[in-house]
Amino acid sequence: MENSNQTLPSQFFLLGLSTVPHLQVLGFLVFMLMYIMTLSGNGLLLITVRISPKLHTPMYFFLSNLSFIDVCFSSTIVPVILINTLSTEKSISVGGCVFQMFFSLILGVGECILLAIMAYDRFVAICRPLHYSSIMNMRCCVMLSIVPWTVGFFNSCIQVPLTWRLPFCRTHHINHFFCEIPPILRLSCKDPLLNVVAMYVAAGTIVLCSFLLTLISYVYIISTILKIRSSQGRHAVFSTCASHITVVTLYYGTLLFNYLQPPSSHSVETDNTVSVLYTVVTPMLNPIIYSIRNKDVKSCLINNLKNKKNCLKTC
């Protein structure tokens, strides 16, 4: 039986960031800027959707859910990065590592499934416009919004205990910037075959099913768009989907690359870069992409800012 000191260390050390002093400062400033942009961008989008009656539709209901997940996802990871960037120890407790892994899995899976649900919403709006209000009613929207959290929770309840059953007797230094399953598995002195199989089955089932649902939705959407005779009409319909397509491509692309490539082809530097993209960069870009590409959001933002200025002048 493995020694308990070997199987469960008191802490881990995150080595995914540079140890060069001037690069540490630069890294801290970059991550801090991205985190501020993530919080402010998604927070502003949440407030705008909440206070603008024009945006009280299923599309913006799901967009609000996406912004909330992005804020939580980024907040689970970035604060630890900021602390460890300037810290000499770069350590994280076992409890902190378990917490980070558990909730980052829930939120990562949740965002993946939510993007597929948003694609389905666009499919119903464009391909079944006469039945849209009856299909995407509030009860249906609430039930669909619960699905990502439920699947993410059950996935974490399987993956995290499996990971922490492994003995970690090689080293306690994680060559990554947060506690994610693939780099943790490399630390085990026991063959993590069961964990690798569980990870691939979960990633294959969740990510690929979400991707296929999104792909099928857009095949029908594009087919419907091509049937529109007016080029102006085609452009107007396609513009409502362009933001979502951009986000889906960025998120699914990086997630599939990191979790479904063969273990032998994994490069630590590449994995770290790709992880930064879907855990830090994508949550920052989502509100920017949706705000820039969406006329309704832009007009509501401008109106709300004008109203706020008028209110301040009156006061």
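Each residue, glycine too, has its Cβ placed from N, Cα and C.
Listed by sequence, the residues of this chain that lie at least six past the ends of the transmembrane segment (25-47) yet keep a Cβ under 8 A from its Cβ atoms are 17-18, 63-64, 67-68, 70-71, 74-75, 78-79, 81-82, 85-86, 280-281, 283-284, 286-288, 290-291, 297, 301. Feature annotation from TrEMBL assigns transmembrane segment to 25-47 (among others).
Per TrEMBL, the feature domain 'G-protein coupled receptors family 1 profile' maps to 41-290.
Summarising the annotation, TrEMBL assigns transmembrane segment to 59-86 (among others).
Beyond its flanks by at least six residues, the transmembrane segment (98-120) meets 59, 62-63, 65-66, 69-70, 72-73, 76-77, 80, 92, 144-145, 147-149, 151-153, 155-156, 159-160, 163-164, 178-181, 184, 206-207, 209-211, 213-214, 217-218, 244, 247-248, 251-252, 255, 278-279 of its own chain at Cβ-Cβ distances under 8 Å. Annotated transmembrane segment per TrEMBL: 98-120 (among others), in sequence order.
TrEMBL lists 141-162 (among others) with the feature transmembrane segment.
As annotated by TrEMBL, transmembrane segment applies to 197-223 (among others). Counting only same-chain residues 6+ beyond the ends of the transmembrane segment (197-223), those with a CB under 8 A from a CB of the stretch are 109, 112-113, 115-116, 119-120, 122-123, 126-127, 151, 155, 158-159, 162, 181-182, 185, 241, 245, 248, 252, 255-256, 259-260.
Look at TrEMBL and you will find 235-254 (among others) tagged as transmembrane segment.
Residues 31, 34-35, 37-38, 41-42, 44-45, 63, 66-67, 70-71, 73-74, 77-78, 81, 104, 108, 176-178, 180, 243, 246-247, 250-251, 254-255, 257-258, 298, 301 of the same chain lie 6 or more positions beyond the ends of the transmembrane segment (274-292) yet place their CB under 8 Å from a CB of it. The transmembrane segment feature in TrEMBL is assigned to 274-292 (among others).
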